[in-house]
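A.B. asks: Sharing a structure here in structure tokens format.
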Amino acid sequence: MDHAEENEILGATKRYYVERPIFSHPVLQERLHKKDKVSDSIGDKLKQAFTCTPKKIRNIIYMLLPITKWLPAYKFKEYVLGDLVSGISTGVLQLPQGLAFAMLAAVPPVFGLYSSFYPVIMYCFFGTSRHVSIGPFAVISLMIGGVAVRLVPDDIVIPGGVNATNGTEARDALRVKVAMSVTLLSGIIQKKKKKFCLGVCRFGFVAIYLTEPLVRGFTTAAAVHVFTSMLKYLFGVKTKRYSGIFSVVYSTVAVLQNVKNLNVCSLGVGLMVFGLLLGGKEFNERFKEKLPAPIPLEFFAVVMGTGISAGFNLHESYNVDVVGTLPLGLLPPANPDTSLFHLVYVDAIAIAIVGFSVTISMAKTLANKHGYQVDGNQELIALGLCNSIGSLFQTFSISCSLSRSLVQEGTGGKTQLAGCLASLMILLVILATGFLFESLPQAVLSAIVIVNLKGMFMQFSDLPFFWRTSKIELTIWLTTFVSSLFLGLDYGLITAVIIALLTVIYRTQSPSYKVLGQLPDTDVYIDVDAYEEVKEIPGIKIFQINAPIYYANSDLYSNALKRKTGVNPAFIMGARRKAMRKYAKEVGNANMANATVVKVDAEVDGEDGTKPEEDENEIKYPPIVIKSTLPEELQRFMPPGDNIHTIILDFTQVNFIDSVGVKTLAGIVKEYGDVGIYVYLAGCSAQVVNDLTRNRFFENPALLELLFHSIHDAVLGSQAREALAEQEGSAVPPQEDSEPNATPEA
């Protein structure tokens, strides 16, 4: 049995029948009794907050130090082998990436090793993800390098008459100082993010708008920045490093202008490693199910490049740039220069937000895959501690590395003990074996970085996808990419967040409007323009909006209502005046027009012929005043289609309405009421009803009769009202001082 036959059988056999009253708001409220909410007194809340119990202490410790929860429950026999293999695999990848990303951060390579050691150890204690690999990340490293080069450019003049070598060392020392300051400030922002969110900066609010298209567009632009910054090392040319607006253009032009001076040996080594890594990664991907662990290609590339460089003395013989001195041992703690904070706070904010967004995104992805949860607030604290405390030990800002995290998870890692093992391998290099890599060509590190950008460059495939699915998300992606590419990553991110905010406003300001019709013999109401079977109910127009009604779209809503339904009170009023003149002319009674209609103008003049003064800020809540029935002879003078007696506003998709929206709604009720058309509200949520009540929309109790539980209730209520009017021979609705009429039952 195929799905079509199954659906046909279900449609023919499954039925439900309901017999109940027509639920207007007053009728429904008579049947409901609100639950009594017992709220604790302030004293009880304070007592509970300051009561110290062993359970509360234990939960606080678990929250602040997650390792105290998972380490005692560590399943040694099940986890140790996976963590061991994963730690070694991640460690051999972390070594070359740490050295390479230090080049992006514009600091000596050894500081990349420090950043691969201290933060990883701290995250093991404070982080909640079992699989992410914390340490240097290309995008964050590039952002650090941008601010370091901006404040300490290549051509800076170091006072003291130093030679070229000492001048370079002094310049690098200043850049390390800048990197430490940015790292400390970004860590403080991350640790205090929740506090700041309640204050002036509201960083948490901004992080919400880092949508997937924004993040992917941003990281793609960052990949282009990284690629252009690595070309100089791959070609072996000496160029100035640029930062800020159009830095990617300046860097590319500088490399192209110096391409005639490229170092052929450096380019050859780099391309050889590039081809090895590219082919090896394809091999790893194709045979990942058969391999016990991915082949550590980056580590082999480092070993091979170092061996070739040392064996052929490439640095001395062919002027190939190498890593250089890697001092053994750990540096003592040092205080970052806080006097630089006012120069780097914009960069620190951007780094804090991007670092957290990348980390929490990967952490949630891996957590969902393995069936556990990560705590976003604790991740903020963990990253903040890694950066702020790490800055005291000369590290630069870190985040989650996407490639290393996939390796750590894919090779069987179960807990962060795998990360600890990887950091211990880095410690071994720092303390004992670092000198072995001093001959490593920078072109090899450049090739490693460029190959690892492949995944980010693949994000260009998002463009056709977003073109098919959402032009707004495509706009976010493109504007983020272009602004981040040409304005720099810091100002590009700010621009992207502003664009994301504007798209939210645009979506609510320009929602979709639909006129609904009934699927015959059901209580189902669907877009009448979308399906042939759906028919409009005679005399009734049902209008739907899929957004809140507030100051930015309230006027648009009113205009769309008149345009989509084709029922414009002003046009109806004009047509009726014209019909009355024709009718009066025919019967020879010029006063008939004044005697027939109770109310023609939308505004009532005072006794002295002047209009009463009105307060523009006061919400006018009209009584329901409808015109009296026109003589049947007059109907033949009316234009076709003047038979609508009810407008139903479907509020099922409206989640709030502000004071401006309430004023607009009150105006709609009054405007249609002046031409004899009722306006009903259907499907209002409790929040919308509260908004209407707070803004005194129901100050006239008769207006509660306009509120219905569902569209079908409103339709039945309208039909019952018209049927009753026909029986009585007239339709005189409740006046301002009248009591609400009893709602007839279905």
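Any Cβ shown, glycine's included, is placed from N, Cα and C.
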A.B. asks: If I go by TrEMBL, the feature transmembrane segment sits on one of 189-207, 246-264, 265-283. Which?
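C.D. replies: Residues 265-283 are the ones TrEMBL records as transmembrane segment.
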A.B. asks: Between the transmembrane segment (265-283) and the transmembrane segment (380-404), are there three or more CB pairs that fall under 8 A, provided the residues in each pair are separated by 6 or more in sequence?
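C.D. replies: Result for the transmembrane segment (380-404) with the transmembrane segment (265-283) is no.
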A.B. asks: Taking 99-126, 217-235, 340-360, 444-461, 481-506 as candidates, which has the most Cβ pairs under 8 Å with the transmembrane segment (416-437)?
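C.D. replies: The stretch I would name here is 99-126.
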A.B. asks: Take the C-beta pairs under 8 A between the transmembrane segment (481-506) and each of 99-126, 265-283, 340-360, 444-461. Which stretch has the highest count?
C.D. replies: 340-360
A.B. asks: Considering only the recorded stretches 99-126, 217-235, 340-360, 444-461, state which has the highest number of Cβ pairs under 8 Å to the transmembrane segment (265-283).
C.D. replies: 444-461
A.B. asks: For the transmembrane segment (217-235), could you work out the same-chain residues 6 or more beyond its ends whose Cβ comes under 8 Å from its Cβ atoms?
C.D. replies: 103-104, 138-139, 142-143, 145, 241, 247-248, 251-252, 254-255, 258-259, 262-263, 266-267, 270-271, 321, 354, 358, 442-443, 445-447, 449-450, 453, 456-457, 459-460, 462, 476-482, 484-485, 489, 492-493, 496
A.B. asks: Within the domain 'STAS' (530-718), what mean pLDDT does the predicted structure show?
C.D. replies: 77
